[in-house]
Amino acid sequence: MPLTLKQEDQVNVSLQSLPRHVAIIMDGNRRWHQQHQTQCTLKQTSGHYYGAKALPSIIESAFSLGIEVLTLFAFSTENFLRSTEEVEELFSLFHSQLDEQFPYLIENKIRLRCIGNLSALPLQLQQKISEISLKTHQNSHRDLVLAINYGGKDELVRAFKKLHQDLVEQKISSDSISEELIRLYLDTSEMPDPDLLIRTGGEMRVSNFLLWQIAYTELYVTDILWPDFKPNHFLDAIKAYQHRSRRGGR
């Protein structure tokens with residue numbers, strides 16, 4: 001499907017002051033399931049299925065509007081503590097969503113990137129991620145970033161281990177360590193920090209997501225549960241962002 005967004009939906013959105021990078025914590029799937037149990041069949045044992053159905057319209061809306069990078073918090077390191085059934089269901093949904101979104105990524109020249117400790121994922125899912133990442137790697141103007149088995153603390157630990165190894169091997173010196181150098185060891189080294197972080201579901205926390213990167217990010221929290229999050233809600237977040245004055249900590 002080509003990149004389209006109805007003009008009437010863009011009312012009061014300035015295309016000159018868009019966030020370059022938007023990140024989303026897609027929260028509320030399980031609460032949605034509890035509220036809509038009569039709609040959930042035995043096969044779809046949680047709201048994750050319905051959360052996955054919300055993805056395409058938000059992805060399309062973001063890139064149609066002109067967002068360059070969209071990062072989605074799909075699966076945290078802590079999510080492995082959930083039931084085996086739920087974890088397996090999530091991995092199955094990831095695999096099917098990658099297949100479904102692949103033609104859209106190709107048609108609209110969007111690159112897939114994945115961040116997190118991917119080595120702990122099922123081999124079949126790792127292979128699917130590698131396949132689509134390779135086939136879209138030349139699409140350099142828009143990035144869809146999936147955070148899978150991702151935790152901000154885990155990312156920093158992995159980064160510092162790599163930095164320490166380079167110190168031991170004398171590839172870098174201790175005097176060269178700076179914010180800029182540390183950034184090069186992060187999963188997100190090749191992308192800008194988020195300008196806007198959207199969290200659905202109403203919880204007022206960042207849940208170990210992009211801890212280094214969101215130091216100066218604008219936060220937008222909505223009570224809308226993720227399966228109910230629609231393009232108009234996404235645009236509400238963009239409008240709210242555009243009414244803020246970013247000071248970068250100053």
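Heads up, the Cβ atoms here are built off N, Cα and C, so glycines get one too.
These come from Swiss-Prot:
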ACT_SITE  ASP27  active site
BINDING   ASP27, GLU218  Mg(2+) binding site
BINDING   28-32, HIS48, 76-78, PHE80, ARG82, ARG199, 205-207  substrate binding site
ACT_SITE  ASN79  active site, proton acceptor
Cβ packing number for GLY28 (substrate binding site), 10 Å threshold: 24
ARG205 (substrate binding site) versus GLU218 (Mg(2+) binding site) - Cα distance in angstrom: 13
Between ASN79 (active site, proton acceptor) and GLY28 (substrate binding site): CA-CA distance (Å): 14
Rounded Cα separation (Å) that holds between ARG30 (substrate binding site) and the residue listed as 'active site, proton acceptor': 13
Around the Cβ of TRP32 (substrate binding site), the count of other Cβ atoms that are within 10 Å: 25
Assigned element (helix, strand, coil) containing TRP32 (substrate binding site), judged by DSSP: helix
Residues that sit under 8 angstroms from GLU78 (substrate binding site) by C-beta distance, when 6+ apart in the chain: GLY151, ASN208
SER207 (substrate binding site) to ASP27 (active site) - Cα separation in whole Å: 10
Least buried by Cβ count (within 10 Å) of the recorded positions ASP27, GLU218: GLU218
Cβ-based isolation winner (fewest other Cβ atoms within 10 Å) among the binding-site residues ARG30, ARG82, ARG205: ARG205
Euclidean distance between Cα atoms of ARG205 (substrate binding site) and ASN79 (active site, proton acceptor), Å: 16
